[in-house]
Amino acid sequence: MNNPARASVLIYTGISLAAAFLFLLSTYATGISYPAVARIGGAVWVFILSMIITMPVVISYVNKRHI
Amino acid sequence: MKQASIPVEGMTCAACVARVERALKNTPGVTGAVVNLVTGKASVEYDPEKVSVEQLVKTIRELGYQVPTGEIHLTVRGMSCAACVARVERAVSGLPGVLNVTVSLPAEAARVTFYPGTVTPVRIKEAIAGLGYEVAEKATGREALDREKQARRQEIRRQARNMWIAWPLSLLVMLGMFRDVWILPRFVPEFIGNTLFLWALTTPVVFIAGWQFFVHSFNGLKKGATDMNLLYATGIGAAYIIATINTLWPGAGFGGKGATFFESAALLTAFIVLGRYLEALTRGRVSEAIRKLLNLQPKTARVIREGREMEIAALEVVPGDVVVVRPGESIPVDGRVIEGHSAVDESMITGESIPVEKKPGDEVIGATINKTGTFKFEATRVGRDTALARIIRLVEDAQATKAPVQRLADLVAGHFIAGVHVLALVVFLFWFFYGYHAFFRPDSHFILSPYSLAEVGVFGFALLLSVTTLVISCPCALGLATPSAMMAGTGKGAENGILFKGADAVEATAALQAVLFDKTGTITRGEPSLTDVIPAPGFTREELLSLAAAAEKNSEHPLGEAIVRGAEKAGVAVKEAEEFEAVPGHGIKARYQGRTILLGNRRLMEREGVAFETLLPSVKSLEQDGKTAMLLAVDGQATGVIAVADTIKEHVPQAIARLKKMGLQVIMITGDNRRTAEAIARQAGIEKVLADVLPQDKAEEVRKLQARGLRVAMVGDGINDAPALAAADVGMAIGTGTDIAKETGEVILIKADLRDVVSAIEIARATMRKVRQNLGWAFIYNSLGIPIAAGLLYPSTGLIVSPELAAFFMAMSSVSVTLNTLLLKRFIPSMKKEQQEPRGEAGQPLPSPALR
C-alpha cells in the first residue's frame, strides 16, 4: 500500500476490532450469563485499549517499512 | 528518491571534487551526485531505502574530508513526562540528517545536532510541532530569561484557572455524593445530591479544566504516540461516561444510579490539575541557577569615548573601551585594570566570599561588584565571550545533557505508557472473566471512602480497577527523578564556582575513588617563595632579610624576587643597594650602606673565601626538604642562610585531609625529582607520590591506576596536563577567574583553590544521592501502587483504590520528587561551611606561616 497512514489505520483498527470481537465471543464461551451492556461495554473498552496499545507500534512499524 | 545537499570541507581543487563525486556515485543507492567546489556542497540524489544520509557522510569522511555539523537549541513546551521526551527524541532522530538529539524535560529544551543541507531547522521544528508541542528556537541571555519567565507565568495562570474551576466544583460534587453519610443530611440541601445536578457540576470540570488532557492525547495519537495525558484522558473519560450513562439512562445496566462516579471524574481531574499547577510552580525553581546568573549581567556601562565619560548599554561595550566603575557598581564586562585600586566581590562567579584586591594590571570579571574604590579598566572580553556568558553556556549545556542513569529511566518511562495500557487491559479481563465472580463481596468499599460498591456490576467493577491502574501507573516521577536533580546539582556547582560540563560528569565525579594531583601550579603556587631565614649567632632574622632584600632589590632572578616579596610580606623595609653585580651560576655581590654583601651558593662563598662550615648543617637540612638554600655573608663573614622554595597553596592540607576522610586515595604526580616531590607531598599530607614523571607519561600513570579498577580524577591546570585530564575518568581543570574556556576536563574549578575539588565531589555525591532517592521513591511508588490499584488487596479486604485517590497519589509522587530535589538547594559543601564560620578572622592580616 502506498499511503502508510491509511495502511496503519487499517491495521490497528483491524487488530482492535478483532480483539473486541474475541472478547465478545469469550463472554459467551465462559458460560456465565453477562448482561448485554457488560458485553458491549467491555468490548468497547477492549477496543479502546487495543487501539491505544497498537497505534504507536503499528504506525512506527509501517513508517519504517515505508522508508 | 530524495535530494540532500551535504556541506563538504577540505576540498581544494577540481581533483577533490571529482574524488568526492566518484565515491558518492559508487555508493549503492545513489543515483546522482554533483559537487560544487565554490559552495563546498555535494548535491546527492539517493534512494533512502538503500542508503542513509549517515552512510553518505561516512563515505565523504573516509576520503579525508570533513562534513561539518550544525546544532540547534530549541525550547519545547507542553512536555509533561519522560514519554513525551522519548516521543520528541524519536520523531527528531527519525529525520534523515539528524545526528543526535537530547531533550531535557525540566529545562523544556532540545539540542539537535544535524548535517546542514540534509535537514533544516524548520523541518526539525515541524516534526516537534507535529506532535502537539510548542517549539521555538532557544533565545539567549536576558531575552531567554524574559520569555521563559513569561511562559512559566502563563502556565501557572492557566493551571490556576483550571484549579479554580476544578476544585470548588469537585468539592461540591463530593459533598453531593456523600450527602447521605454521617451528619451531612442535616446540613447539605437535598438538590446537591441530585445526580443531574452532580452531572451538571462535573461536566465543566471534565471539559474545561480537563480539556488539556484530551487535546494533548489526541494530538499524540494522531502521530502514533502516547503519553501520560492519554492515561488521564482515558481515566477521566471512562469515569465520566459511565457516570453520565448511569445518570441519564439508569436502566442501561452499568450499575444504575448507585454507581455514578461523578466524584471520581471530578476529583481525578482536580488532583491532576493540582499536580500540574505544583509542577509549574516548582519546575522553574530548579533552573534558578541559570536565572540567577543571567540576572547578574549589568545593563549599562560607563565608558570613556572621545575624551568624555558616557553611559551606554553594556552590550555596546567593545574590546578596548575604557570603562569606569564606581563603588557599589557592577563591572559590565571582562577587562584589565589600568588605573585605580579597589576590592571586588567576585563571590557570584568564583564562590570566593572575601573581596579580592584589584590594582593596575589585574583582571576583572564582568558581573562582579566593585566594593571600595573607583577604577578604570580596559575591556578585553565582551558579549558572548565574557566569563559570565561562557559560564551560562556551560551550565546550560550541562543541563541539556543526560546522565547514563537518566537514559535508562527515560527508556523505561518511554515504554511504560504502552505497558500500562496492556496492564489495564489484563486487569480488566481478569476481573471481568474471573475476579468479580470469584471475589466480589457486597460490602466492597473504596479505600478512605464510605462509598459502597454494592450495586456495581461486573463491567463497572472491572472498568473501575482498570481505570485506577491506568491513573496510578503514570511514570512522571520516574521521568522527573534524574533530570531535576541534575539541574539542581549543576546549578549548585555553578553557585560555588564549579562547572560540570555535563550530567555524565556529575555521575562520574560522584563515583570517584582516587584523585591525582599535579604538583606545580596545582598543589604549589608554581613560583618560589621565601620559606626560611636562619641567622648565624649575633644576627637577627630582620637584619638578615633586610640585607638580602636590599641586595636583591634590582635582581630579576625569580629567587631574588621571592626574597624581596618575602621581606615585604614580613614588614621589612626594602632599600636599594648602591652597587649590584650578578655572578652567573653563583649568586650576587652587592654593596649596601658601605658593606659588601654576598648572597649565593657554596661555590660563591668558597670563591670569595668566606668560612661557612657552621651553617652547613642548616643548608643540608633545607636541601633535604627540597628547598634552595642560599648563604649570606656580610663583609666576608657568614651571617645566615636564606631558603626559597615553591610552596604549597593555602588550604591544600585541609582539602587533602578532607578527601582522605571521604575515603578517596590521594596521589601527587610530578616531573620533579623524588626528594623535592616528597617534601611538598609531606607538607600537603599526601603519602603517595609519583615523581620523575614526564608530562607525556602522566596519562599513562592515570591509565595504570584505572587498570587497577580505580575511578580516577586528575586535577591540573589544563595546559601541560591536558592528556592526563583527558585520560582520567574525570578531568578537573583549575582556572583562575576569567580563564574558564578550557576545553579539556569534565569539571572546571573557576578558582585555583583545591578545596573546590572536595566541594565538587560533595556536590556530585549529593546530586547522585538525590537521583537515587528520587528513582527509589518513583520505583517504590509504582511497584506498590500498581498491584494495589489492580486489586491485589481486594480479595482479603474488600477494598479498592478509587480513581481519585490514585490521581492524588500520582500527583503527590511527582511533586514529592520535585520537592526532594529542591532540598539540594540547601546543600552547602563542607569546606564552604568551614569558610563561612570563622568570618570574624577574615579581615585580619595573616601571620606569615611560611616563615619559621
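Cβ atoms are placed via backbone N, Cα and C, with glycine included.
Just so you know, TrEMBL annotations never went through curation; they're auto-generated.
Annotation source TrEMBL lists domain 'HMA' at B:2-68 (among others).
Look at TrEMBL and you will find B:70-136 (among others) tagged as domain 'HMA'.
Annotation comment: TrEMBL describes B:162-184 (among others) as transmembrane segment.
Taken from TrEMBL, the feature transmembrane segment covers B:196-218 (among others). Sequence-distant contacts of the transmembrane segment (B:196-218), counting only residues of its own chain at least 6 positions beyond either end whose CB sits under 8 Å from a CB of the stretch, comprise 78, 80, 132, 162-163, 165-166, 169-170, 172-173, 176-177, 226-227, 229-230, 232-234, 236-237, 240, 243-244, 247-248, 260, 262, 265-266, 269-270, 272-273.
The transmembrane segment feature in TrEMBL is assigned to B:230-249 (among others). Panel annotation: around the transmembrane segment (B:230-249), residues 195-196, 198-199, 202, 206, 210, 213-214, 216-217, 220-221, 255-257, 259-262, 264-265, 268-269, 272, 417, 420-421, 424, 460, 463, 466-468, 470-471, 473-474, 803, 806-807 of the same chain, lying at least six beyond its termini, place a Cβ under 8 Å from a Cβ of the stretch.
Sequence-distant contacts of the transmembrane segment (B:261-278), counting only residues of its own chain at least 6 positions beyond either end whose CB sits under 8 Å from a CB of the stretch, comprise 80, 156, 159-160, 162-163, 166-167, 169-170, 173-174, 176-177, 195, 198-199, 201-202, 205-206, 209-210, 213, 232, 235-236, 239-240, 242-243, 247, 451, 464, 471, 476, 802-804, 806-808, 810-812, 814-815, 818. Sequence annotations record features per position, and here TrEMBL assigns transmembrane segment to B:261-278 (among others).
The transmembrane segment feature in TrEMBL is assigned to B:411-436 (among others). Beyond its flanks by at least six residues, the transmembrane segment (B:411-436) meets 81-83, 85-87, 226-228, 230-231, 234, 458-459, 461-463, 465-467, 469-470, 473-475, 478-479, 786, 790-791, 794-795 of its own chain at Cβ-Cβ distances under 8 Å.
Packing against the transmembrane segment (B:456-481) from elsewhere in the chain are residues 80-83, 85, 105-106, 228, 231-232, 234-235, 238-239, 242, 253-255, 258-259, 261, 268, 275, 409-410, 412-413, 416-417, 420-421, 423-425, 427-432, 435-437, 440, 444, 771, 774-775, 777-779, 781-782, 785-786, 788-791, 794, 800-803, 806-807, 809-810, 813-814, 816-818, 821: each is 6 or more residues past its ends and has a CB under 8 Å from a CB in it. Summarising the annotation, TrEMBL assigns transmembrane segment to B:456-481 (among others).
Away from its own ends, the transmembrane segment (B:775-794) comes close to residues 405, 409, 423, 427, 431, 435, 439, 444, 465, 468-469, 471-473, 475, 477-478, 481-482, 800-801, 806, 809-810, 813, 816-817, 820 of its chain (Cβ-Cβ under 8 Å, at least six residues beyond either end). Per TrEMBL, transmembrane segment is recorded for B:775-794 (among others).
Taken from TrEMBL, the feature transmembrane segment covers B:806-824 (among others). Counting only same-chain residues 6+ beyond the ends of the transmembrane segment (B:806-824), those with a CB under 8 A from a CB of the stretch are 232, 235, 267-268, 271-272, 274-275, 278-279, 282-283, 285-286, 468, 471-472, 474, 476-477, 480-481, 484-485, 488-489, 492, 766-767, 770, 773-774, 777-778, 781, 785, 789.
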| message | Going by DSSP assignments with H, G and I as helix and E and B as strand, what are the residue counts for the domain 'HMA' (B:2-68)? | response | 22 helix, 21 strand, 24 coil
